[in-house]
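First comes the structure, then the notes that go with it.
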Amino acid sequence: MTHKAGFVNIIGNPNVGKSTLMNALVGEKLSIITSKAQTTRHRILGIVNGEDYQIVFSDTPGIIQPAYELQESMMDFVKSAFDDADVLIYMVEVGEKELKNDAFFNKIINSKIPVILLLNKIDKSTPEEVDEKIAYWRAKVPNSFVYVISALEKFNVESVFYKIIELLPDSPPFYPKDQLTDKSERFFVNEKIREKILQQYKKEIPYSVEVETESFSEEDGIIKIRSVIMVERETQKGIIIGHKGAAIKRVGTEARKDLEKFFDKKVFLDLYVKVNKNWRSNDRQLKRFGYKD
Ligand SMILES: Nc1nc2c(ncn2[C@@H]2O[C@H](COP(=O)(O)OP(=O)(O)O)[C@@H](O)[C@H]2O)c(=O)[nH]1
Ligand SMILES: [Mg+2]
């Protein structure tokens with residue numbers, strides 16, 4: 001029996017639905033999803049195993065023009081996703097025009113590997129609009145297989161899945177067949193807490209936050225977790241905590257509920273806040289948080 005395997009890397013503008021798609025394809029909430037740009041900061045693998053295939057999906061940060069060092073590292077993750085892809089998924093949404101980064105766009109249209117162009121969020125548009133957009137994208141990315149989908153409502157996602165399998169090269173698996181992702185349990189804890197922060201705070205707060213899980217241990221069926229929320233400045237610390245600690249308490253409660261579902265165990269989550277001055281522009285801190293080698 002021949003075996004197929006390969007890297008299928010999802011790229012596109014911020015907020016088009018890349019993480020929603022990966023979670024739908026993998027069937028797990030590996031990537032956090034919010035309506036804000038730059039929710040995804042890392043490259044996150046989601047692995048789907050079949051008897052005779054293994055698909056290694058990569059969710060990546062949305063393509064932007066980097067303004068500070070963290071964002072430069074985020075764009076390095078996108079670059080790496082071009083380098084090792086066996087199939088490239090370029091996701092766009094109804095209503096958008098083009099990538100803000102010409103170099104990335106040229107890489108897509110000149111790609112030697114198969115490109116699947118997904119026109120997402122069609123649940124939000126009319127059939128006429130969709131037809132017009134299909135024609136537009138076929139002309140703009142002529143080397144691609146075009147599909148219209150709704151990642152949110154899982155419309156047409158299965159057809160994309162079968163197309164991917166068809167396009168995969170013959171290869172033995174890259175990862176053990178029971179592995180779901182390349183990230184640790186602590187990583188998912190950090191991300192879940194960050195998701196709640198993205199949802200609950202405004203302006204620059206979500207972008208100034210990094211989360212680090214200091215301890216993760218399981219005893220008597222309960223997972224005990226202690227995590228630090230790091231901000232760039234003292235004033236942000238006060239905002240995170242909120243009046244009488246109400247704001248951080250809400251973050252903790254919401255994150256705990258999701259983590260209990262994710263791990264399928266009871267979770268005890270202890271959160272505290274620390275200032276880590278200008279960590280987004282500090283090389284050593286970016287390495288520490290896994291944004292750089
Ligand atoms: N209406 C609609 N919204 C979607 C769809 N897919 C994703 N979204 C929403 O778009 C926003 C961004 O999604 P996300 O997956 O985080 O986008 P990413 O930045 O490309 O990873 C979230 O609010 C999603 O719920 C879709 O098919 N239809
Ligand atoms: Mg994302």
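Glycine is no exception: its Cβ is also placed from the backbone N, Cα and C atoms.
Quick look at what TrEMBL annotates:
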{"type": "BINDING", "residues": "12-19, 59-63, 120-123", "note": "GTP binding site"}
{"type": "DOMAIN", "residues": "4-170", "note": "domain 'Era-type G'"}
{"type": "DOMAIN", "residues": "201-277", "note": "domain 'KH type-2'"}
{"type": "REGION", "residues": "12-19", "note": "region 'G1'"}
{"type": "REGION", "residues": "38-42", "note": "region 'G2'"}
{"type": "REGION", "residues": "59-62", "note": "region 'G3'"}
{"type": "REGION", "residues": "120-123", "note": "region 'G4'"}
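Positions of TrEMBL features highlighted on the structure.
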residue	record	CB count, 10 Å
Gly12	GTP binding site	25
Asn15	GTP binding site	19
Lys18	GTP binding site	30
Thr60	GTP binding site	26
Ile63	GTP binding site	20
Ile122	GTP binding site	23
Please check the binding-site residues Thr60, Ile63, Ile122 against ligand 1 and give me the ones with CB under 6 A, sequence order.
none
Under an 8 Å Cβ to Cβ limit, what residues of the same chain, 6 or more beyond the ends of the region 'G2' (38-42), are close to it?
14-15, 18-19, 31-32, 59-62, 64, 70-71, 74, 77, 183, 187, 195, 198, 207, 290-291
List, in residue order, those binding-site residues out of Gly12, Asn15, Lys18, Thr60, Ile63, Ile122 with a Cβ under 6 Å from any atom belonging to ligand 2.
Lys18
Give the three-state DSSP assignment (helix, strand or coil) for Lys18 (GTP binding site).
helix
Could you give me the DSSP helix, strand and coil counts for the region 'G3' (59-62)?
0 helix, 1 strand, 3 coil
